[in-house]
């Protein structure tokens, strides 16, 4: 079983602004979000297939607590409430499908994958994908 536990600092980010555009976030809020999320700090606790992930930015802290294969409540990148289900896509990669609880919007998901000493995080909204690469702190 892969060990995601630890503290992670972002090394690079691609397409975050494009992802926010695909989610319908206005230009002013996108600029604020891109600036605030430019240096996120992530802490992951793992006990087998149980995960607790806390992400800190300058404007907010998000927390999710989930077990692989069990639905849980969370929010999309733009703050809409959803039901999520994380499953193993490969031995080192989890895939999480998000289903909005109300309203319409693009199909969203996220993945987290361990590749060597890196944590690869992707967020998707329909066909737009944001990739963020983290290193252990």
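Heads up, the Cβ atoms here are built off N, Cα and C, so glycines get one too.
The feature motif 'Nuclear localization signal', as given by Swiss-Prot for the ranges 21-31, 32-42, sits at 21-31. According to DSSP, residue 133 (all-trans-retinoate binding site) sits within a strand segment.
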